[in-house]
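Right, one structure below, let's go through it.
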Amino acid sequence: MSIKIGEIPYKERIQNGIKDDFMRQAVSSAQGRFRTGRLTQAAELGNWEDWRDLGEEIRTHTLENLDYYLHQLSEQVARRGGHVFFAETAEEANQYVKSIIQKKQAKKVVKAKSMVTEEIGLNKALEEVGAEVVESDLGEWILQLDEDPPSHIVTPALHKNKQQIRETFAKKKGYTGSDTPEELAAFAREQLRQDFLSADVGVTGCNFAIAESGSITLVTNEGNAEMVTSLPDTVITVMGMERIVPTWEEMEVLVSLLTRAAVGQKLTSYITAITGAGLELEVDSPEEFHLVIVDNGRSKILGTEFQSALHCIRCAACINACPVYRHIGGHAYNSIYPGPIGAVITPLLEGYDDHKELPYASTLCAACTEACPVKIPLHEHLIRHRQIIVEKEKGPTAEKLMMKGFAAWASNPAIYNMSAKMAKPALGPWTKDGMIENGPGPLKAWTEVRDFYAPQGQSFRSWFKQRQKDGESK
Amino acid sequence: MKVSLFSTCLSDILFADVAKNTLEILERVGCEVDYPMEQTCCGQPAYNSGYLQEAKASMKQMMKAFRHSEYVVGPSGSCVSMLKEYPHIFKGDPEWEEEAKVFAAKCYEITEFLVDVMGITDLGSTFKGRVTFHSSCHMKRLLGVKEQPKILLRNVEGVELVDLPWEEDCCGFGGTFAVKNPVISQEMVSEKSRHVSETQAEYLVGADMGCLMNIGGRMEREGKKVKIIHITEILNTH
Ligand code: SF4
């Protein structure tokens with residue numbers, strides 16, 4: 001897989017999302033839960049806004065000194081017996097991981113949840129060299145069995161209900177139990193336990209890499225990362241080059257923001273850390289550890305006005321806050337990164353050609369910007385994307401002409417005055433009882449869905465002029 | 001206090017009563033109000049669609065129109081939040097940067113102006129009815145004005161204010177969004193309309209005609225009896 005999920009055109013994807021009643025119900029209730037959780041946690045903390053400021057400061061500082069911290073990280077990993085590989089592209093990253101799998105003659109790879117390995121399509125690459133790849137995050141495992149892409153960056157199987165999951169388990173794994181969550185989870189646990197024990201290599205993503213100690217930390221609720229990093233002898237971590245913090249202190253702040261913003265938890269059940277390989281004092285340290293740092297288009301964003309998009313800590317608070325996402329679901333974005341953050345970074349990482357609708361799939365209500373724990377101005381980035389798309393558009397389009405007209409109208413009070421006078425008589429033929437049900441020209445799209453209000457009477461400015469005249473003559 | 005009224009193009013042309021009520025309220029609380037005739041539109045339709053040059057043409061016109069004003073006050077959180085963005089938009093423009101800063105600093109939304117600048121929380125108004133309040137996204141998030149309209153509404157005699165479920169959610173207007181993504185917009189506004197119905201309010205009050213005409217237009221289409229009403233109409237009663 002890559003960032004793009006498939007080839008279904010935008011309009012069709014929107015329709016599919018809107019028609020999917022179950023998905024919408026699931027998303028809506030999850031959004032309700034997550035939002036309330038986030039707000040309760042923020043209120044409990046008391047000074048949430050100060051925390052956000054701190055989060056923003058940490059991310060800004062780190063990204064501004066990214067070279068320095070990446071260098072420090074790789075030195076520290078190497079000092080503690082790990083290997084570091086910088087991959088400029090997805091292919092390079094996959095190639096490197098493949099080479100280790102081949103060298104180890106690994107048959108089975110067990111994985112902890114990772115967005116960046118989705119992004120580079122690692123599973124497919126490893127299957128090509130004959131390895132069996134097993135996702136161990138429950139949501140990811142369900143999707144893997146069902147060959148379905150994720151629709152959310154924290155809870156990837158959000159769009160599925162327990163009946164669907166039961167069916168998947170039955171079809172793919174011979175499950176015969178009920179659809180109670182406990183029984184389903186127990187079954188998954190039993191199945192995955194076998195995989196943990198028989199895996200040759202563990203592959204993880206990374207929530208925060210800590211430059212000062214060369215450690216990788218993973219935040220989970222299921223504890224699966226714990227198994228992936230301690231049972232197999234060889235562990236490979238793949239991280240986006242921006243997932244880094246200077247020290248454990250900053251990590252603590254960001255984890256506090258992450259878990260609260262993501263699901264309204266003070267802390268997740270597990271925070272797993274890997275520091276190097278073969279260390280005597282660490283009983284569960286792997287024998288061999290590789291860190292793959294992936295660029296894949298990120299360094300192109302550095303130094304641009306979109307740099308703050310790299311501050312993202314993948315908490316999905318913006319997705320949970322988004323009313324557009326609620327109605328269309330994650331798959332409609334056609335990106336493994338859906339929702340507001342997806343609409344911002346997908347075109348940055350993969351270009352506009354396949355994703356030019358995304359920056360417009362927002363009302364610019366700024367619910368995302370308000371929710372983001374590290375204060376990324378998501379809605380402003382969407383506007384900037386629109387400006388770039390407009391600049392790139394060659395030749396005249398109806399919209400361009402309309403906007404030229406707007407500029408002429410709004411910068412010339414004489415033209416504006418005229419239109420204010422003309423609006424009511426001009427719309428007269430379509431008006432009935434003060435409403436327009438079937439408007440002409442640009443009003444057509446509007447009135448397909450809702451009525452339009454005809455001008456109440458004369459414009460305010462005519463009224464005001466008259467009032468002044470009357471006042472003077474009194 | 002000298003105040004210039006910013007009517008917003010929407011109220012000027014479609015909803016003149018909103019601008020009239022705003023004017024009368026300002027006069028009632030003792031402001032000396034003028035209306036610069038050179039004003040047009042805040043530029044948001046072009047700006048939010050990505051047409052920066054076109055938006056700037058409109059914005060420059062606005063700055064010129066209000067050059068001599070002490071305060072600029074208007075009945076729309078969304079349009080005022082656009083005016084407040086000018087310094088950000090003209091940053092690095094030697095001719096307009098300073099003026100944009102001076103201009104933005106004197107712009108206020110009407111309820112914000114009444115409560116924060118004039119220190120008024122009770123206008124002595126009377127209005128009978130069960131109402132629910134839709135807070136516009138730009139007003140509460142970009143302008144940061146959340147409580148002021150509700151403080152004023154709660155002090156109106158006869159008003160029964162009930163909470164709107166999922167109040168924080170956008171109504172689905174979003175300027176050209178309604179036209180570019182009509183299907184999503186329809187889902188959003190229909191959901192908003194359902195939430196309004198749940199409150200059993202007779203009136204949906206708001207401080208932004210953009211949202212109100214979207215939700216109201218949808219409710220009309222659905223044959224609902226709820227009336228939309230701009231907050232200034234309630235406040236401008238005795
Ligand atoms: S953009 Fe902000 S809110 Fe959205 S996932 Fe990233 S950190 Fe979370």
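Each residue, glycine too, has its Cβ placed from N, Cα and C.
The domain 'LUD' annotation in TrEMBL covers A:71-294.
Under the heading domain '4Fe-4S ferredoxin-type', TrEMBL lists A:309-376. Per DSSP, the secondary structure of the domain '4Fe-4S ferredoxin-type' (A:309-376) breaks down as 38 helix, 1 strand, 29 coil.
The [4Fe-4S] cluster 1 binding site annotation in TrEMBL covers A:CYS312, A:CYS315, A:CYS318, A:CYS372. Listed in sequence order, A:GLY339, A:PRO340, A:ILE341, A:ALA367, A:CYS368, A:THR369, A:ALA371, A:CYS372, A:ILE376, A:LEU378 are the same-chain residues at least 6 apart in sequence whose CB falls under 8 Å from the CB of A:CYS318 ([4Fe-4S] cluster 1 binding site).
Under a cutoff of 8 A between CB atoms, and with a sequence separation of 6+ in the same chain, the neighbours of A:CYS322 ([4Fe-4S] cluster 2 binding site) are A:GLY339, A:PRO340, A:SER362, A:ALA367, A:CYS368. What TrEMBL lists as [4Fe-4S] cluster 2 binding site is A:CYS322, A:CYS365, A:CYS368.
Per TrEMBL, the feature domain 'Lactate utilization protein B C-terminal' maps to A:385-469.
In this structure, the binding-site residues under consideration are A:CYS312, A:CYS315, A:CYS365, A:CYS368, A:CYS372, and the one with the smallest number of other Cβ atoms within 10 Å of its Cβ is A:CYS312.
Ligand 1 lies under 6 Å from the Cβ of A:CYS312, A:CYS315, A:CYS318, A:CYS372, out of the binding-site residues A:CYS312, A:CYS315, A:CYS318, A:CYS322, A:CYS365, A:CYS372. Rounded to a whole value, the Cα-Cα separation of A:CYS315 ([4Fe-4S] cluster 1 binding site) and A:CYS365 ([4Fe-4S] cluster 2 binding site) is 19 Å.
Distance between Cα atoms for A:CYS365 ([4Fe-4S] cluster 2 binding site) and A:CYS312 ([4Fe-4S] cluster 1 binding site): 19 Å, as a whole number. Restricting the average to the domain 'Lactate utilization protein B C-terminal' (A:385-469) gives a pLDDT of 90.
The domain 'Lactate utilization protein B C-terminal' (A:385-469): residue composition by secondary structure is 56 helix, 6 strand, 23 coil, according to DSSP. Using a cut-off of under 8 A between C-beta atoms, none of the binding-site residues A:CYS312, A:CYS315, A:CYS318, A:CYS322, A:CYS368, A:CYS372 neighbours chain B.
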